[in-house]
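Step one of this worksheet: look at the structure below.
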Protein chains: 4
Amino acid sequence: MKFALFGSMFPDRSAKAEEQIYGVCDAIKRHGGQLYLPENFYISLPGNIRQLLDPICELAETLPDVDMVVSVGGDGTFLRTAATVGDTGIPILGINTGRLGFLAAINYSDVEDTLSEVMRGDYKVQDRTLLKMTTDEVFPPNHFNTNALNEIAILKQDTASMLSIHAYINNDYLTSYQADGLVISTPTGSTAYSLSIGGSILSPTTPSIILSAIAPHNLTSRSLVVDDSSIISLKIESRSHMFLVSVDGQSRVLDETVSIQVRKADYTLRVVKRVGHTFFETLRDKLMWGADVRKQNK
Amino acid sequence: MKFALFGSMFPDRSAKAEEQIYGVCDAIKRHGGQLYLPENFYISLPGNIRQLLDPICELAETLPDVDMVVSVGGDGTFLRTAATVGDTGIPILGINTGRLGFLAAINYSDVEDTLSEVMRGDYKVQDRTLLKMTTDEVFPPNHFNTNALNEIAILKQDTASMLSIHAYINNDYLTSYQADGLVISTPTGSTAYSLSIGGSILSPTTPSIILSAIAPHNLTSRSLVVDDSSIISLKIESRSHMFLVSVDGQSRVLDETVSIQVRKADYTLRVVKRVGHTFFETLRDKLMWGADVRKQNK
Amino acid sequence: MKFALFGSMFPDRSAKAEEQIYGVCDAIKRHGGQLYLPENFYISLPGNIRQLLDPICELAETLPDVDMVVSVGGDGTFLRTAATVGDTGIPILGINTGRLGFLAAINYSDVEDTLSEVMRGDYKVQDRTLLKMTTDEVFPPNHFNTNALNEIAILKQDTASMLSIHAYINNDYLTSYQADGLVISTPTGSTAYSLSIGGSILSPTTPSIILSAIAPHNLTSRSLVVDDSSIISLKIESRSHMFLVSVDGQSRVLDETVSIQVRKADYTLRVVKRVGHTFFETLRDKLMWGADVRKQNK
Amino acid sequence: MKFALFGSMFPDRSAKAEEQIYGVCDAIKRHGGQLYLPENFYISLPGNIRQLLDPICELAETLPDVDMVVSVGGDGTFLRTAATVGDTGIPILGINTGRLGFLAAINYSDVEDTLSEVMRGDYKVQDRTLLKMTTDEVFPPNHFNTNALNEIAILKQDTASMLSIHAYINNDYLTSYQADGLVISTPTGSTAYSLSIGGSILSPTTPSIILSAIAPHNLTSRSLVVDDSSIISLKIESRSHMFLVSVDGQSRVLDETVSIQVRKADYTLRVVKRVGHTFFETLRDKLMWGADVRKQNK
């Protein structure tokens, strides 16, 4: 079985994370896997780790034709891995090197068990919807990813003025948000930025998209969940005539004459899940749903 | 075309509402419809209205085999009409006698235009999902409706103590809510009670169910949207050993030994919609999404 | 130094809590304190604990003239202790037997250190504001406490219908809440029920009162903070003509003809605080403000 | 009685607003007032309005020693007027030329009545607290106002990364916000930006400050109300090492090595209020508290 491993390239990557990256590589090899590493990621690693890796992996400039991609890091690393994997259909296994993530949902301590299960085919693959952004402006290729696993956000570029965001669903006028921004999220992204601004949590396989305003001026503004076959069109007005569009956290300045369309991407991302482990488990752990604040005060 | 008309039976029904009930009946007759009225509703009307109605309608003890049911009143009246129409598949047209409703979405002033459209078949029928509650306790027939167009709510019966609601989705443990209650809502109900406690709005045809806690003790509690093929199971603990279950606002006391299952009902409710009128229009009007509070303060 | 000790009388009091109650009594004695126990509380304890207590405490039918009252249990126990201490001005020390409370803010493991500090006068006393409810109906004495350390809440008695609560501040009309209820909270209570329904946290010594609606039908409803010299008057309408008023969780049914006034009580409750321990510490611990949910997902 | 009039200088000022500016000037003159206009404001007006104004007003380069300042425009205009009036103690009367504001709370249609009342001394002056920002960096004089009538906000400068804001109250550690920003608001500002991000409304004379996070990553984050004698200290960390500070909407980039202190300003702003008109009236009107959304759906 062939694996490609992608790791965190954040400048603040810890030495412990680097050791765990090697640990995962070593485990893959020991379980009989064949391992590829992206060249630029390999180069980013310190010399001692590279020496350990040399005998057990091959380098690749582009994503090789593997059976599974392993992402080692946080959810941010997983998002970048997903952008590289794109529409190839190769399933991704997310291992976290720090705290449990929603995407990097497998703890380092479970790597051995997980690889045993993977090697004997004892795992599930879950399809995750992505959002695709299109505009009437041509984006230079290779410079701006327009597919989002988490969310596409419209944000004000400057701080002084708010945005007016005129929103249409399937060409029906929805509303004009007066706000600092608008977040359009997949079920996968519903536990990320969307949650910070009051959005509901969407179970990962719900065929839905959720729209939530950032700091809405209108107090009756509420998150809206629509069918994921919907086409969302946005026209933006800004005192500075500019706004930002952010795709999974990567942002770009656009002119307000550019209108935005958001819809479901043509492909899904395939996420590797261990059998018997549910989304709700991750949710309870991450949101500390077991803990009760008010109880003690009564 | 045969119509049955159901009107508000609230004790605080106004004289104006009664005049409008007659007005709708008269309009149906003038447009060539054949009209049936439930006997108990007819009897609740004042003498002068009854006299006007006598020549233009027939009375019926049970729901006759009509082509369309017309509900005249508020959303509460529509909910009761829906309970009577049940799984017959007869489409319902909701006319409001006061302010615009989400269900009673046609204003009295549009009755003439709407009936013209209906008589020439120029309308849409939208399928709305209902929720069905089952328990291991047998409910006496005809005494408690267990199908909800809006929501099924678990509520504490007494005020002193909170509930512990252990929730499972498709037999996977979700969480234990420590709260005053839990509201499980359809997309249709997402603009009703669910919205008051912070739930997102679900577009009516989204195949989803939304769960929201009332006054949750755990500050990280958030609304959760799941696929409407989900089976939600609840086990409730209460210091008084009792709790309330409310189906579209009609409630009943249950013992905490009774566990509750909520799933999609086997049938949908068919709602008559005018062509060219969208849910978002109603939303803007009802939620005053056009109005902007903060704008003026900047 | 004379102490009276009040402990949890909840039926679900654990054996461990009972041991800790004895532990606190023993520690008071060892630190040279003179100890009184309420007779009914003593009787509620199991025989072996009573035998241990016999040599070290005296029983009292009413609150004796002591220097400090010690509450051992949760915040619920503290609230009942506060109701007994009333306007005597005797400071209360809150020790929790389970999880840290906002009122029972001293952990059992810190009892020795705390008592050493108390015996040498090395502690602070913080004045906490209470709310007083008055009505035009005479409450039978000794049957219903009308002073609240946490909150006074107006709640619907039945589940089917909402309340209309017409609110006035210093005789100026504020608004008419259409809601399941209204919670009027002290700064102390702002971390209890008020917080569950979206209220802000008020630092304990802020001279303010916070009003928050429960499940408000009006989406623009927001919590309101007013000066604690304000007099809040409420007139309630209910379809059932009845409503509940709850004072620190103890509730009573009232007729809608009874109007309610809420203002600051004439006395404060004096809470013993350890030097160098702040409210913000408790807040961080109780609300897990150290934990970061979204971070990992980026 | 001497008046200085400040009007909107927004580039999108309407012709109608300009006519109303003249209307207010004319009314002041007719009621026997002596009128001064800032030179730069006068110059910004169209020729025909200037011709009408010439006989009835005098120009001034700096704020003359008047009895009252009149602000004609929206709340934004009022904020800029307040910045100019500063600590002079001259009371400000806010007249709106569009929709009712919280600060520009007098409608144009009430100008005649209001001026009659003002000329005969029949009005109240309400003291409004301001916040003062200090840093260890010296701000060039005349370039950046550090006193806020509404709010002081810490905002991220770039979109990709969140801020870590370490907050202290009177040197006691509060918490470390992981968020897009933090808004520290006066009671006056509690109905502006603070409200958009979930803050409670503070009655204008409440001696309090309210802190609210923007898009907090920690789901247990809640608004916090502290006594307005508190000194709030902030240390900010940002991946870009920069952040924005915004004082009543005017922002400036700072380096993360700069720490921020926020406290009550040494002076208050004196706002002219009509007798018999309350804050709650404005609140009901602005927040549409009269309107009830859910009612109709029941």
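Glycine is no exception: its Cβ is also placed from the backbone N, Cα and C atoms.
A TrEMBL annotation is a machine prediction, not a hand-curated record.
Binding site for NAD(+) per TrEMBL: B:Asp75, B:Gly76, B:Arg80, B:Asn150, B:Glu151, B:Thr191, B:Ala192, B:Tyr193, B:Ser194, B:Leu195, B:Ser196, B:Ala215, B:Gln250, plus B:Asp180 from the candidate set B:Asp65, B:Asp180, B:Asp227.
Closeness to chain C is evaluated for the recorded positions B:Asp75, B:Tyr193, B:Leu195, B:Ala215 by Cβ distance, with values under 8 Å counted; counted residues in sequence order are B:Tyr193, B:Leu195, B:Ala215. B:Leu195 (NAD(+) binding site) counts 27 other C-beta atoms within 10 Å of its own C-beta, drawing on all protein chains shown. Candidate recorded positions B:Asp75, B:Arg80, B:Thr191, B:Tyr193, B:Leu195, B:Ala215 yield B:Asp75, B:Thr191, B:Tyr193, B:Leu195 as lying near chain D, with Cβ-Cβ distance under 8 angstroms. In sequence order, B:Leu195 are the recorded positions among B:Asp75, B:Arg80, B:Glu151, B:Thr191, B:Tyr193, B:Leu195 whose C-beta falls under 8 Å from a C-beta of chain A. Mapped onto three states, the DSSP output places B:Glu151 (NAD(+) binding site) in strand.
The Cβ of B:Asp75 (active site, proton acceptor) lies under 8 Å from the Cβ of B:Gly94, B:Gly101, B:Phe102, B:Leu103, B:Ala104, B:Ala192, each of which sits 6+ residues away along the same chain. Around B:Thr191 (NAD(+) binding site), a 10 Å sphere centred on its CB holds 28 further CB atoms from the protein chains shown. DSSP assigns B:Ala215 (NAD(+) binding site) to coil, not to a helix or a strand.
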